[in-house]
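Enquirer: TrEMBL lists these features:
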- Gly150, Gly152, Lys153, Thr154: ATP binding site (BINDING)
- 139-271: domain 'AAA+ ATPase' (DOMAIN)
- 349-418: domain 'Chromosomal replication initiator DnaA C-terminal' (DOMAIN)
- 1-89: region 'Domain I, interacts with DnaA modulators' (REGION)
- 322-443: region 'Domain IV, binds dsDNA' (REGION)
Amino acid sequence: MRSFVWGDFLSSLENGFSKKQPVLVLFLKQLHVVNLTDNKITLGYENLGLRIFIEKKLPVIEEELNKFLKKRVAVELVAVPSKKRAKEAPLLSFQPTTEDVLIKSGFSRRYGFESFAVSPSNQVAYAAAQAVVCNPGSAYNPLFLYGGVGVGKTHLAQSIGRKILEDNNNRKICFSPGDLFTNELIESIRGKSTQKFRRKYRRLDLLVIDDVQFIAGKQTIQEEFFHTFNSIISLGGQVILTSDKPPNEIKNLEDRLRSRFSGGLMIDIQPPNFELRTAILLIKAREKNIDIDIEAAKIIAEKTDDTRALEGNLLSVYAQTIGKKEKIDDEAVANYFNNKKEKQVKKIAPNDVIRSVCSYYEIKPSQIKGAGKETRIVLPRQIAMYLLRSSLRLRLNQVAFFLNKKDHTTVIHAVNKITKLTAKDPILKQDVKNILSSLGLST
């Protein structure tokens, strides 16, 4: 009865709702009915990232469910253990496990869909990845994921490979960074073993090339990859590529490869927002059995733009709280960042701050230290005063000295003004944050 109701509800969404919310419908299909009463339906999830996404959509889901059932029903989400179970090997069997095959094929134990946090910045990429898993070689081939450092390209690509192998342990898969592919080919040419190289790559069911932009500008490498790509596609295999840029922006990439890369689905994964960074941090904490308050996680996420630095900050805070607190709280996080900031500040000279402000606003230090009244000079000057006072903690007369001002009243006015402006102007607040980041400081 439970699955019947849920299945019918999902079918009803296929008519019109799925066109407006295709990603949401795809994610709803990954939930399972755990319990159903007259006024509540309990849905089980296996992926914390999936839960975070679904929670934001609960009002929409409940509205559609109420329409379908013609009565008010609340939706509750609960974690359920994964249905995946390692297959028991026959006695005295030496068959490699899925993990063995993954490692041998270049994949990492660290990555999987269950630890991938979903948000608006990556939900399209996540949905495409799920589609590829369901129909490898047919849906979105090639799948081209691009974006900056730490946005989750590698995590998602590796998760696809893991799930494809778990679904069929006989599939031949390979994960290779662009530089490794290049080095392997060079070694095979030197060792006169190119046929062995081609047997390895051209008969794959799935090939993932990470940072494919690395092969650009290398004629022999591009020639070999072109034939490798065509061979895999023609045999029904799947190709997944990641890059820091879309194909049309990769310099020195052959036109025929550019055309092939653009022939599938290209997805731009944006940097994670605050909510996603918080979700990623909570997932990392759970993986490492670290108990952390949600408010403490939010502080770390707010102060850490670089996704790859999230885990480092988490572990550093944890190391400082072991034996002192049962869990990481906001006080522990605040102490960590205060100590970190003090150490950073000691390494930065006042003129470093002035140069960074000038570089950001494309003006000269002589202009910021001068008496110019133009807006394009006055605002950077006030920001420099604000940073020298708030970040380097210089005295008012010291700030005045470094900016050639006779007294500190101008400094007081500048600090007060920028403090008020950053509280209500998000663009200026981001500008200040960018300047601090260039100095290796955080807000």
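Numbering starts at 1 and runs along the chain as displayed.
Using the three backbone atoms N, Cα and C, a Cβ is placed for every residue, glycine included.
Please treat TrEMBL annotations as automatic predictions, because they have not gone through curation.
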Enquirer: Restricting attention to the region 'Domain I, interacts with DnaA modulators' (1-89), give the mean pLDDT.
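Expert: That stretch averages a pLDDT of 76.
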Enquirer: Comparing the binding-site residues Gly150, Gly152, which residue's C-beta has the most other C-beta atoms within 10 angstroms in this structure?
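Expert: Of the binding-site residues Gly150, Gly152, the highest Cβ count within 10 Å belongs to Gly152.
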Enquirer: Look at each of the binding-site residues, Lys153, Thr154, and point out the one with the fewest other Cβ atoms around it within 10 Å.
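Expert: Per-residue Cβ counts within 10 Å for the binding-site residues Lys153, Thr154 bottom out at Thr154.
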Enquirer: In DSSP terms, helix, strand or coil for Gly150 (ATP binding site)?
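Expert: Where Gly150 (ATP binding site) sits, the three-state DSSP reduction gives coil.
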